[in-house]
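Taken from Swiss-Prot, the feature active site, proton donor covers Asp83, and the record attributes it to similarity to another entry. According to Swiss-Prot, the feature D-glyceraldehyde 3-phosphate binding site maps to Ser50. According to Swiss-Prot, the feature Zn(2+) 1 binding site maps to His84, His198, His232, an assignment based on similarity to another entry. Annotated Zn(2+) 2 binding site per Swiss-Prot: Asp105, Glu142, in sequence order, evidence recorded as similarity to another entry. Residues annotated as dihydroxyacetone phosphate binding site in Swiss-Prot: Gly199, Gly233, Ser234, Ser235, Asn275, Ile276, Asp277, Thr278.
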Amino acid sequence: MARITLRQLLDHAAERSYGVPAFNINNMEQGLAIMEAARACDAPVILQVSRGARSYANDIMLAKMMEALEVMYPDIPLCIHQDHGNNVATCLTAIQHGFTSVMMDGSLKEDAKTPADYAYNAMITTEVSRLAHMVGASVEGELGCLGSLETGHGEAEDGHGFEGALDRSQLLTDPDEAARFVAETGVDALAVAIGTSHGAYKFTRKPTGEVLAMDVIEKIHERLPDTHIVMHGSSSVPQEWQDVFNAHGGEMRETYGVPVEEIVRGIRFGVRKVNIDTDLRLAAAAAFRRVADTSRTEFDPRKFLKPAMDAMSAVCKARFEAFGTAGNASRIKVVPMAEMARRYASGSLKPQAKRAEAA
């Protein structure tokens, strides 16, 4: 098997009505944990890398690690995705280092803190789409800002997130504007704002439609039935791992994530990519704390890392099964990026929108 573009993978997911978890990765242990789970489930994989992860691990290290994972797990279609690119250069250097997909997040300006207007977002996302598609790479765009409908605030992730408070209209993607944005930019996938946020502290109570606007996804899918929708900030923050974390010296306050059943509902309405980072961080940190608390003389890093890897793998397996990803790796025949570039050039991959009905 080879590296796969996001577009081909999500096209396959749409044809077979499943979703694909996109796990953030910073190091070898995360990579191995995710890929072991994928092998066990026969699931295709999206490994995504933030700008913070690229700074932490270095592009050369990450590129070589991805090469190693590709060789070690030859039967798993592997999409390597830039998460929350803040400018054209971030996206193009990712492609230069072997990424098959990039996200141009033009919902914020280049400082990754200031909300951008529609014109800026459409302009810069269109430019990234034009350049990436020339070499066959996929592009994800974002419309609307990721943040809490309870508070109006967003949670910065690796330095990416708006400052201050926004009103509800800025925190929810408008379906008509989404149709216009996809048509203008030519993106392969669209991240939408529905009240989710980065980090562990997403909701102060089990979310309802008041703070988790799944109906927005349904309306966008109605306008854009062939567009792949992306849910960001979609960790479920499992209670069992919160309990382990706190039982062994942690001080995590009560919080609620995005329920898995709501994500599964979203998959029925066009959600194809589901971003997950906090769940793996929490599982790994909880496993670390348990070893540190119960084996206080232990100092071999491997004795901490192996349980952390097992914990992360368990979360990944659960998501592959719940989202219907399991069983699909062996059904995919990877299309090379050069062929994807030819298809983009021919216009055969141009997005289509359903016209809005007159009032």
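Every residue, even glycine, has its Cβ placed from backbone N, Cα and C.
Positions of the features from Swiss-Prot, shown on the structure.
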residue : record                                  : DSSP (3 states)
Asp83   : active site, proton donor               : strand
Gly199  : dihydroxyacetone phosphate binding site : coil
His232  : Zn(2+) 1 binding site                   : coil
Asn275  : dihydroxyacetone phosphate binding site : strand
Least surrounded among the binding-site residues, given as His84, His198, when other CB atoms within 10 Å are counted: His198
Cβ-based isolation winner (fewest other Cβ atoms within 10 Å) among the binding-site residues Asp105, Gly199, His232, Asn275, Ile276: Gly199
Asn275 (dihydroxyacetone phosphate binding site): nearby binding-site residues from His84, Asp105, Glu142, His232, Cα cut-off 10 Å: His232
Close binding-site residues near Thr278 (dihydroxyacetone phosphate binding site), where close means Cα within 10 Å, chosen from Ser50, His84, Asp105, His232: none
Fewest other Cβ within 10 angstroms of its own Cβ, chosen from the binding-site residues Ser50, Ser234, Thr278: Ser50
Cα within 10 Å of His198 (Zn(2+) 1 binding site) - qualifying recorded positions among Ser50, Asp83, Glu142, Gly233, Ser235: Gly233, Ser235
Those binding-site residues of Ser50, Asp105, Ile276 having Cα within 10 angstroms of His232 (Zn(2+) 1 binding site): Ile276
Per-residue Cβ crowding (10 Å cut-off), top of recorded positions Asp83, Glu142, Asp277: Asp83
Among Asp83, His84, Gly233, Ser234, Ser235, which are recorded as recorded positions, the nearest neighbour of Asp105 (Zn(2+) 2 binding site) by Cα: His84
Extra residues within 8 Å (Cβ to Cβ centroid of Gly199, Gly233, Ser234, Ser235, Asn275, Ile276, Asp277, Thr278), dihydroxyacetone phosphate: Asn24, Thr196, His198, His232, Gly257, Val258, Asp279
Cβ-Cβ neighbours of Ser235 (dihydroxyacetone phosphate binding site) (radius 10 Å): 25
Gly233 (dihydroxyacetone phosphate binding site) CB neighbourhood, other CB atoms within 10 A: 26
Dihydroxyacetone phosphate binding residues Gly199, Gly233, Ser234, Ser235, Asn275, Ile276, Asp277, Thr278: largest Cα-Cα distance, in Å and rounded to whole number: 11
